[in-house]
2 protein chains.
Amino acid sequence: MGTSYSSCSHSTTTVSTHSLLLTHPKSSAFKQSRFPNPDFKFHSTHQIPQTHLRIMSQKPSQVLGGKVEVGETQEGVSKRPMIDFHGIDEGLVEKMVYDALVWSSLHGLVVGDKSVQRSGKVPGVGMVHAPFALFPMPFPESHWKQAYELSPIFNELVDRVSLDAKFLQDSLSRTKKVDAFTSRLLDIHSKMIEINKKEDIRLGLHRSDYMLDEETKQLLQIEMNTISSSFPGLGCLVSDLHRSLLNHYGEYLGLDSRRVPNNPAATRFVEALAKAWTEYNNPRSVILFVVQPEERNMYDQHWLSALLKERHNVSTLRKTLAEIDSEGKLRSDGTLVVGGQEVAIVYFRAGYTPIDYPSESEWRARFLMEQSSAIKCPSISYHLVGTKKIQQELAKPNVLERFLNDKEDIAKLRKCFAGLWSLDDSDIVKKAIESPGLFVMKPQREGGGNNIYGDDVREALVQLQKEGSEADAAYILMQRIFPTVSYTFLMREGVCYRDDTISELGVYGAYLRNKDKVILNDQCGYLMRTKVSSSDEGGVAAGFAVLDSLYLT
Amino acid sequence: MGTSYSSCSHSTTTVSTHSLLLTHPKSSAFKQSRFPNPDFKFHSTHQIPQTHLRIMSQKPSQVLGGKVEVGETQEGVSKRPMIDFHGIDEGLVEKMVYDALVWSSLHGLVVGDKSVQRSGKVPGVGMVHAPFALFPMPFPESHWKQAYELSPIFNELVDRVSLDAKFLQDSLSRTKKVDAFTSRLLDIHSKMIEINKKEDIRLGLHRSDYMLDEETKQLLQIEMNTISSSFPGLGCLVSDLHRSLLNHYGEYLGLDSRRVPNNPAATRFVEALAKAWTEYNNPRSVILFVVQPEERNMYDQHWLSALLKERHNVSTLRKTLAEIDSEGKLRSDGTLVVGGQEVAIVYFRAGYTPIDYPSESEWRARFLMEQSSAIKCPSISYHLVGTKKIQQELAKPNVLERFLNDKEDIAKLRKCFAGLWSLDDSDIVKKAIESPGLFVMKPQREGGGNNIYGDDVREALVQLQKEGSEADAAYILMQRIFPTVSYTFLMREGVCYRDDTISELGVYGAYLRNKDKVILNDQCGYLMRTKVSSSDEGGVAAGFAVLDSLYLT
């Protein structure tokens with residue numbers, strides 16, 4: 001799912017203290033991450049705010065709002081760092097930090113600074129470099145290739161599932177009763193079924209997220225984002241940054257810049273959008289970016305609109321859902337017109353969370369767009385396919401076989417599925433109460449930061465059993481993944497922090513189809529995100545996530 | 001001369017109210033520039049601070065410190081705008097403003113935001129787009145070509161004059177008595193003469209500034225910057241920005257992006273630095289950037305270091321004069337070593353103003369570097385050639401002939417000389433007291449914002465006559481130039497202002513010589529700077545200067 005930039009600076013995953021203390025006794029890293037490198041010469045007064053470090057003991061529901069992608073993951077403990085930076089020369093780090101900060105500023109690797117009021121509204125003011133890792137994260141080449149190979153298969157799967165309206169409605173029928181947001185999405189979906197709405201041109205810009213399980217060495221899928229997949233614009237810049245740094249400092253580090261794979265996410269997404277625009281076939285039409293009223297991650301989006309204009313001469317329009325409600329209309333032929341301009345594609349960078357729908361106005365806008373003949377990226381069906389409940393349903397035996405024919409493809413997908421269960425599976429619920437550390441409870445509700453870990457899993461399950469209501473339909477259970485922990489260097493607000501971290505790999509995929517013709521089905525690039533994995537309480541200081549790239553090993 | 005970024009946001013030229021009211025009755029523009037376009041939808045609370053608008057009645061010596069380049073100019077009144085933007089479609093402006101702000105953010109057209117404390121020290125934090133004009137400034141192609149043609153001639157002239165130590169010392173002998181800063185520079189120069197120091201490899205990165213006199217249609221030189229010529233990094237980005245905007249909106253405006261000349265200032269300066277580095281001939285040596293302790297215009301400099309590294313694999317080192325004093329040393333063979341690294345070139349982006357020498361430490365550093373065998377950009381001689389007094393001396397009859405042989409070259413130079421006089425010329429002083437509006441009094445003292453205009457010229461001259469001291473040697477008199485006034489759109493801090501403006505064209509030149517061999521003598525690109533020309537008091541609201549490019553007419 002998509003994310004606002006706040007996900008990066010305010011990521012709010014919480015992990016029970018106890019479960020991590022049991023499995024990961026190392027606790028000294030906290031102080032390292034809390035303070036900037038004392039040897040580093042910037043005269044900074046910034047530290048990680050206390051709120052970011054103290055949230056481990058908070059209830060998930062109490063933490064900050066906003067959609068949090070890193071918060072969707074389930075992480076555990078480490079074995080060994082693959083490349084050890086503990087003994088690195090401090091002078092070298094200092095130079096690299098400075099160069100990296102300069103590079104970010106000159107190359108548009110920037111976000112809005114939350115301390116500057118207008119930075120989420122007006123471009124060009126209140127900018128700060130995006131949080132990034134100083135080094136690319138080591139990652140096995142074989143697993144990277146595996147993730148890339150999966151991308152077109154997932155693209156196709158999403159498309160096939162989206163066409164099975166009954167499967168979507170049935171699978172989500174229990175969720176609908178307990179989750180108001182999913183319920184509204186399903187209502188729109190039902191109405192589209194009623195009017196027999198067909199989407200001839202279907203555009204998917206997805207990102208499938210994975211973690212590498214240290215125990216089993218398996219690449220396991222965390223989730224499939226079918227709406228508002230974030231960071232195609234900035235993520236690829238971090239790959240460029242790392243290659244640039246390794247070109248100059250690689251020999252001191254024993255690292256080769258050619259091992260950082262090329263990352264064309266932004267240009268490929270833009271190519272897909274431009275191709276879809278061409279299929280729509282009106283040279284005067286525009287691409288509508290549906291955005292949040294305040295967006296500090298706007299530059300990630302601006303990279304796409306800038307490239308659309310520069311490389312494809314396609315114009316874009318940025319509107320909030322409320323603006324679309326007031327300025328948008330349908331012509332009798334179904335054409336969507338917003339602010340007087342015909343819309344070829346509705347590209348959602350908002351609308352994935354209940355927070356984006358504070359009133360009926362926003363739902364009217366969503367419905368208006370869905371009814372139109374504009375290409376939706378995503379359509380309501382694609383959006384629903386990306387829900388956790390559908391992810392869990394697809395993991396059931398013999399379900400993939402309903403949508404895909406190729407047995408090899410099915411086997412490849414299944415290989416990356418973590419254990420996924422509905423809470424009506426009493427055996428699994430019993431196991432999870434016994435060994436909560438091996439499970440993550442994921443609410444259907446969007447917005448991130450809502451996952452439940454460790455002893456909280458036990459508590460929540462016991463509570464749901466007592467209540468005996470349908471509330472359990474709001475959750476799925478997922479196998480807890482324990483990824484490799486690496487000691488790394490994290491840059492935020494001009495300060496270099498160092499700590500043990502874990503990483504998540506996302507692979508972007510683009511799918512474009514016009515009726516029977518598949519025009520595009522490809523992987524587009526990757527997103528590596530790295531976050532602090534530990535603190536002196538053993539919890540995950542998830543407030544500190546940065547953009548990263550990968551170093552193939 | 002060079003400038004810190006503060007010159008752009010804090011430019012402090014003052015013009016007497018009366019002189020402008022006499023010649024330029026238009027006064028309604030004030031309110032337009034004071035408030036952002038009310039139709040523009042940014043929810044900004046920013047306006048031009050009162051201090052910027054109220055300085056017209058202040059004494060020059062009272063205005064803000066710092067080196068101010070636009071403050072060096074002498075501007076008067078307008079005739080007609082060449083391209084009239086008064087009736088421009090507001091919707092179009094709004095789109096262009098947004099696109100321009102996005103473009104700046106993504107392409108590194110940024111400066112430090114003065115409201116963010118660390119923004120002058122740490123790269124990547126507290127960034128805001130550089131102030132820029134929304135449209136390129138119309139400028140006659142013939143005059144642009146003339147300015148380009150003059151560049152290599154000036155480059156050569158600077159080199160020749162720099163070799164005539166006696167001419168420099170003699171010309172500045174009276175100035176030395178009343179100007180402590182020039183005196184210190186001359187002391188270093190004298191010591192170099194004493195030890196018979198020769199600069200075999202001489203590198204000049206100059207910028208000659210011009211205004212186009214509306215009355216006479218003459219291109220007249222304002223000054224020659226031989227130290228710290230600013231904005232080669234950001235100025236060329238504004239040309240790119242304008243070409244990008246005209247590519248998309250040019251047809252609505254009747255403007256052709258190909259009329260914005262290509263501006264390779266950054267790459268050419270970097271090529272010159274890299275060639276000089278090659279002449280120095282030590283692959284492990286670095287280029288030392290001498291910088292101010294706080295520098296909000298750091299990205300202009302970072303563009304040069306980034307290009308040096310990316311394109312030429314040359315490393316740079318940033319140090320203040322104080323740091324060089326503590327970390328620098330000379331090896332017995334004259335090699336300059338700073339922080340353990342051998343310095344091939346000392347590139348000054350500080351050291352041009354007395355403010356940069358708060359203690360003896362900074363003077364020691366300057367002296368140390370001057371003694372060394374590193375290439376100085378500029379050497380103390382080059383620096384002195386750029387003083388106003390030398391500019392005035394070179395304008396005297398038969399002086400150019402002492403340094404150049406080519407009569408055509410001499411004629412070309414002389415054609416661009418404005419009237420320049422010493423204050424020991426009693427006829428001119430008399431004329432200036434009678435008609436102060438036709439003159440500008442320029443103090444030798446560096447730092448900008450010190451020029452005297454209008455009735456203040458009369459007052460100052462009468463005062464100097466009464467005193468009867470040598471204090472008049474601190475000034476020169478210059479013909480007042482009255483450039484074209486254009487109505488234009490100025491972007492600052494995300495807000496679009498509109499007002500009548502005047503512009504100044506700078507042409508960058510690079511000169512590199514090794515003994516008898518001239519390796520490089522070329523024009524490198526241009527810098528257009530545009531500033532508000534009027535207020536309701538008729539003065540110049542010089543606090544509002546922006547980077548611009550030019551549109552050939």
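Note that Cβ sites are derived from N, Cα and C of the backbone, with glycine treated the same way.
Unlike curated entries, TrEMBL annotations are predicted automatically.
What TrEMBL lists as substrate binding site is A:R207, A:227-230, A:295-297, A:Q301, A:349-352, A:R529, A:540-541. What TrEMBL records for A:E223, A:N225, A:E446 is Mg(2+) binding site. Marked as ATP binding site by TrEMBL: A:E223, A:K388, A:442-451, A:Y453, A:478-481, A:E504, A:K531, A:E537. Annotation comment: TrEMBL describes A:286-385 as domain 'Glutathione synthase substrate-binding'.
Features as recorded by TrEMBL, highlighted on the structure.
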residue	record	Cβ neighbours (10 Å)
A:N225	Mg(2+) binding site	24
A:S228	substrate binding site	29
A:S230	substrate binding site	25
A:R296	substrate binding site	25
A:A350	substrate binding site	24
A:Y352	substrate binding site	28
A:P443	ATP binding site	19
A:Y453	ATP binding site	25
A:R480	ATP binding site	24
A:K531	ATP binding site	27
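A coil conformation is recorded for A:A350 (substrate binding site) in the three-state DSSP classification, outside any helix or strand. Considering only the binding-site residues A:Y453, A:R480, A:K531, A:S228 (substrate binding site) has A:K531 as its nearest partner by CA-CA distance. A:Y352 (substrate binding site) sits 10 Å from A:N225 (Mg(2+) binding site), taking the Cα positions as reference.
Here the Cα atom of A:R480 (ATP binding site) is found 13 Å from that of A:E223 (Mg(2+) binding site). Listed binding-site residues near A:E223 (Mg(2+) binding site): A:R207 (candidates A:R207, A:A350, A:K531; Cα-Cα distance within 10 Å). A:A350 (substrate binding site) and A:Y453 (ATP binding site) have their C-alpha atoms 28 Å apart, to the nearest angstrom. Counting in whole angstrom, A:R207 (substrate binding site) lies 5 from A:N225 (Mg(2+) binding site) by their C-alpha atoms. Cβ contacts within 10 Å of A:Q301 (substrate binding site), excluding its own Cβ and spanning all protein chains shown: 23. Remark: secondary structure over the domain 'Glutathione synthase substrate-binding' (A:286-385) totals 43 helix, 26 strand, 31 coil, with classes taken from DSSP.
In the three-state DSSP assignment, the secondary structure recorded for A:S228 (substrate binding site) is coil.
A:K531 (ATP binding site) has its Cα within 10 Å of the Cα of none of the binding-site residues A:N225, A:S230, A:R296. Just so you know, the Cβ of A:E223 (Mg(2+) binding site) picks up 21 other Cβ atoms within 10 Å once every protein chain is counted.
Cα-Cα distance from A:S230 (substrate binding site) to A:P443 (ATP binding site): 21 Å (rounded to the nearest whole number). A gap of 15 Å separates the Cα atoms of A:N225 (Mg(2+) binding site) and A:P443 (ATP binding site). Cα-Cα distance from A:Q301 (substrate binding site) to A:P443 (ATP binding site): 28 Å (rounded to the nearest whole number). Counting in whole angstrom, A:R296 (substrate binding site) lies 26 from A:P443 (ATP binding site) by their C-alpha atoms.
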